[in-house]
Amino acid sequence: MAMAEGERTECAEPPRDEPPADGALKRAEELKTQANDYFKAKDYENAIKFYSQAIELNPSNAIYYGNRSLAYLRTECYGYALGDATRAIELDKKYIKGYYRRAASNMALGKFRAALRDYETVVKVKPHDKDAKMKYQECNKIVKQKAFERAIAGDEHKRSVVDSLDIESMTIEDEYSGPKLEDGKVTISFMKELMQWYKDQKKLHRKCAYQILVQVKEVLSKLSTLVETTLKETEKITVCGDTHGQFYDLLNIFELNGLPSETNPYIFNGDFVDRGSFSVEVILTLFGFKLLYPDHFHLLRGNHETDNMNQIYGFEGEVKAKYTAQMYELFSEVFEWLPLAQCINGKVLIMHGGLFSEDGVTLDDIRKIERNRQPPDSGPMCDLLWSDPQPQNGRSISKRGVSCQFGPDVTKAFLEENNLDYIIRSHEVKAEGYEVAHGGRCVTVFSAPNYCDQMGNKASYIHLQGSDLRPQFHQFTAVPHPNVKPMAYANTLLQLGMM
């Protein structure tokens, strides 16, 4: 489902008819050793590069594919990881790590039944392996939970969580000394107090959290799927990319660029939650500002504002740990109302993922998307959340295993058809925090520095001025945060080293 930046490494080639010569075998092993060293140093792009070179010399070695599959997993190239794991198994049906890798890939893609089949294979081969048993049991639990959720979803009369809440009867205990909404309303003083409260690692009272969620659902549900914003010549707006639960880096954005206000508007381009372990703090801060400045603070949906992602990458677990399962269900409802795209002055289109698997999509098609749902596996809604640019023309299979990759010609044609200048998207880590591709027509912005405490990347945000709309990039680096590791609330399989 997600991806990494950098040069695209080609998918595995089919084995040659003739076995490689001894010299080629030796060189392939040397390349594998180099790749392993890069992998240990967390330089996954170079690891992929050298595993690929080893595969070119000896395409019949299952281990090379298994190793490259793991490197793809680490860079969130789940589609490529799945292909390599499957090839490894085809080459050697006894290669157990291949089944682990394929299960991990399918888990990341939300294909839990397929993952369960591979974990089942591992358990049969290694019946006394505690790790294998634990992963099988955890995956089986998810499969059963999903089946239960589908059964409930089949009830057309399913009620909103809001209908079962009695917020007025919730009492705020005398010993609670934290921020409270003023007459049920978010104010700037509340927001300042909230951010300091969160900075001190304290929890907002559940009544206040529910008040924010109920109110922001009402606000978001009235918005169009495509938000259209007009900037006057003297006005500017700040566009931020993924924040992924990195609350202390979010505070740093506001420190560097100023707090949101009617004269300092923001757009946050999805993926507010998951991975980082302060996702609750990030999202309630963002929702608070949305309530305070509904016309000047904009939130677009990312692929991680979805149930499948939240179940695996930590947000669901974090909400349940800090609050309740019921509150997570309400978050899920709210996420479904987040707009999918925003257009500035009719010239700059912003979305989380990218462009479309098919030609001919118009802005009016985006407006007509019924977004109040979990995203489908294909189609325009899926593409807006999931697709990625590629340097070559045309389209190709997604490295993530979802949606597609689109080339410069696709971008140019879409912009010309819709009378746009360029697109801004997020969704991918970039070493410098941003990237300008497709001849300036496709801009990526990523706002989570040192992503997951391990990527070492810079982050950035963009200023757009109404007078010319040219992107002005502002880079920043990570700031310290409390000793809570990323993925602390992620699915147990991840914590068990699924990837």
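Cβ coordinates come from backbone N, Cα and C, glycine included.
In Swiss-Prot, the region 'Required for autoinhibition' annotation falls on 495-499 of the listed ranges 50-54, 60-64, 80-84, 495-499.
Record check: Swiss-Prot places Asp271, His352, His427 at the Mn(2+) 2 site, and the matching candidate among Asn303, Asn450, Asn457 is Asn303. Of the residues proposed, Arg275, Arg371, Arg373, the one Swiss-Prot records at the same substrate site as His244, Asn303, His304, Arg400, His427 is Arg275.
Within 10 Å of the Cβ of His244 (Mn(2+) 1 binding site) there are 28 other Cβ atoms, across all protein chains. Using the Cβ center of Asp242, His244, Asp271 for Mn(2+) 1, the list of other same-chain residues with Cβ within 8 Å runs, in sequence order, Gly241, Thr243, Gly245, Gly270, Phe272, Val273, Asp274, Arg275, Gly276, Gly302, His304, Ser426, Phe446, Ser447, Ala448.
The two recorded residues His244 (Mn(2+) 1 binding site) and His427 (Mn(2+) 2 binding site) have their Cα atoms spaced 10 Å from each other.
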